[in-house]
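Enquirer: Pasting a structure here, questions to come.
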Amino acid sequence: MTERIYNFSAGPAALPLPVLEQAQQDLISLGDTGIGVLEHSHRSKAFLAVYEEAEALVRELASIPENYKVLFLQGGASSQFFMIPMNLLKKDQTADYLVTGSWSKKAVKEAKSFGNVNVACSSEDKNFSYIPEEVSLSENPAYVHFTSNNTIYGTEFATEPTVPAGVPLICDASSDIFSRPLDISKYGIVYAGAQKNLGPSGVTLVIIRDDLIEQGPTDIPTMLQYRTHSEAGSMYNTPPTFGIYVLGQVLRWLKEQGGLAAIQEKNQSKAGKLYGYLEQSKLFNATAAKQDRSLMNVTFVTGDADLDAQFIAKATAAGLDGLKGHRSVGGMRASIYNAFPEAGVDKLLEMMNQFEQEHAS
Ligand SMILES: *Cc1c(COP(=O)(O)O)cnc(C)c1O
């Protein structure tokens, strides 16, 4: 079998090897059922056990209060960009958006079809390289939406923004969900496409407070109402069974790692090594403002596009894949989500050091 290499991809991204090995077995026969996980009816006893375990692990790891539902939906985080305003924003209302990257901008674009949008802050003036400190909320917003980690730009909110009592806070946590502890009770909705920190693409985790589920109109398509999925336990139609299965396995692995506080320490250690190196490097520079740097996506440049390309080529040849930065930032991006091993970070540091010695003048 081909040896596995270090995969710095921003998403879909590296998964824990024990999860892949378990999935390999369960593809042929889930437990002792004699039927593979891809082939089980979503209503079968065996799959219901998979589903219930995945949901229970989401609840346990994030200490989710009773008055929240855990939904497994399809259409990616991008479908939440419209599903949220479709259900929660009326034509004459205003929703506030903190614009800290292209994903936030896409969310704004969708919301504008349903009501008014107030851009409460934006860091676009400096190519989204920081998180604004000043946020100006509107008078009485239907909700406040933010993106906790900006995958492309390598910035992350240190803590959630504060909102007035009674205003639902909604978070696109696609690229940092469960990378650190979070207090769900501060949120109305937290959602995430699974393919960065939770599992494969094709399943979107939505954690939603009960009172928001019932607010939506009933004359929009059934599949686009939160109540439909809440009432049917995400089984109104066939749910993404394999995605839910893998997500459950990933959360099992995460629990074995010690849960959210323990994984946060590991993430701090991994990112800390890279930022520490970048701080003193004479060749490489981090692109994100120091106080806003992401633990998940570390973005850096040499300042010379040709050198960047040379470095990426060298790293790729050495088995470090996926380091090319997003085109809107350039340079390099090391995506080091929960499942990315610290040994891969060490290998990258070794490469950077070596490259710096060869090229620093
Ligand atoms: C990747 C990403 C998305 C898009 O997710 P899809 O599941 O592909 O729709 C949205 N928001 C953030 C922050 C992301 O990193």
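The chain as shown is numbered from 1 upward.
Cβ coordinates come from backbone N, Cα and C, glycine included.
Quick paste from TrEMBL:
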- 5-348: domain 'Aminotransferase class V' (DOMAIN)
- Arg43: L-glutamate binding site (BINDING)
- Ala77, Ser78, Trp103, Thr151, Asp172, Gln195, Asn237, Thr238: pyridoxal 5'-phosphate binding site (BINDING)
- Lys196: N6-(pyridoxal phosphate)lysine (MOD_RES)
Enquirer: Does DSSP give Gln195 (pyridoxal 5'-phosphate binding site) helix, strand or coil?
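Expert: Its secondary structure by DSSP: coil.
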Enquirer: Those binding-site residues, Arg43, Asn237, Thr238: which ones have a Cβ sitting under 6 Å from ligand 1?
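Expert: Not one meets the Cβ criterion.
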Enquirer: Where does Asp172 (pyridoxal 5'-phosphate binding site) sit by DSSP, helix, strand or coil?
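Expert: Assignment for Asp172 (pyridoxal 5'-phosphate binding site) reads strand.
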Enquirer: In the structure shown, which of the binding-site residues Ser78, Thr151, Gln195 has the fewest other Cβ atoms within 10 Å?
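Expert: Fewest other Cβ atoms within 10 Å, among the binding-site residues Ser78, Thr151, Gln195, is found for Ser78.
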Enquirer: How far apart, in Å, are the two Cα atoms that lie farthest from each other among Ala77, Ser78, Trp103, Thr151, Asp172, Gln195, Asn237, Thr238, the residues recorded as binding pyridoxal 5'-phosphate?
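Expert: About 31 Å separates the two most distant Cα atoms.
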Enquirer: Could you check which of the recorded positions Ser78, Thr151, Gln195, Lys196 is the closest Cα neighbour of Arg43 (L-glutamate binding site)?
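Expert: Minimum Cα distance from Arg43 (L-glutamate binding site) across Ser78, Thr151, Gln195, Lys196 lands on Gln195.
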Enquirer: Going by DSSP, is Ser78 (pyridoxal 5'-phosphate binding site) part of a helix, a strand, or coil?
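Expert: DSSP call for Ser78 (pyridoxal 5'-phosphate binding site): helix.
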Enquirer: Compile a sequence-ordered list of residues in the same chain as Ala77 (pyridoxal 5'-phosphate binding site), six or more apart from it, whose Cβ lies below 8 A from its Cβ; state 'none' when nothing qualifies.
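Expert: Listed in sequence order, they are Trp103, Asp172, Ser174, Tyr191, Ala192, Gly193, Thr204.
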Enquirer: Could you give the mean pLDDT over the domain 'Aminotransferase class V' (5-348), rounded to a whole number?
Expert: 98
Enquirer: Whole-number Å only: compute the distance from the Cα of Thr151 (pyridoxal 5'-phosphate binding site) to the Cα of Lys196 (N6-(pyridoxal phosphate)lysine).
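Expert: Roughly 10 Å, rounded to the nearest whole number.
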